[in-house]
Ligand SMILES: *Cc1c(COP(=O)(O)O)cnc(C)c1O
């Protein structure tokens, strides 16, 4: 199947699952995860109306951003990979969103390095919801203290939370992790009622339907749009 066909199918699936969950279709945004995929694939999705793309690797992402910019194409770019502090500048300068924020040090650097002529960088706090030692993200207990630092930074805009729960086919475990994220998201919204905390980024190709039913506002879909990665 082509990227265009896959994209249409995913958009229909989002719509269907929103209906099942009694939610508006516009309540769930689609982030197309284009890591390792060529410019042509991104262009195909863009021409089909897809406007938000996610990249995991700084250098690869920046190369694609600049290549598309040369063609006059400027979608919304989300950084969704682990970020080392020596690579923050490229993210601050080129991306619109950073979804994997999990340290004050990275937040400070992004805040300092965000070019003044650009809108504040939208950020999500990454939560290690399944408590896996291999995963980045902070434990839920540290969410509010990190948020407290971020909201003082003028060049960052805190928009919500992101998580990558442990991979499992057990739907009860999927639901438990997503429900826990939805509760944390509510707590963050209650703590900052005047901030625009509107984004709960969870759900990938294999667990998108469950994530939407549990309250996700942004699903990050790679292989179901662009095919398996080698
Ligand atoms: C690769 C990746 C995705 C997309 O995964 P698929 O299973 O291909 O849909 C989503 N989120 C993050 C953080 C990723 O690294």
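Each Cβ is built from the backbone N, Cα and C atoms, and glycine gets one as well.
Taken from TrEMBL as is:
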- 14-229: domain 'Alanine racemase N-terminal' (DOMAIN)
- 35: N6-(pyridoxal phosphate)lysine (MOD_RES)
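Within the model, the domain 'Alanine racemase N-terminal' (14-229) carries an average pLDDT of 97.
In sequence order, 54, 55, 56, 57, 60, 81, 222, 229 constitute the residues six or more apart from the residue listed as 'N6-(pyridoxal phosphate)lysine' in its chain with CB-CB distances below 8 Å.
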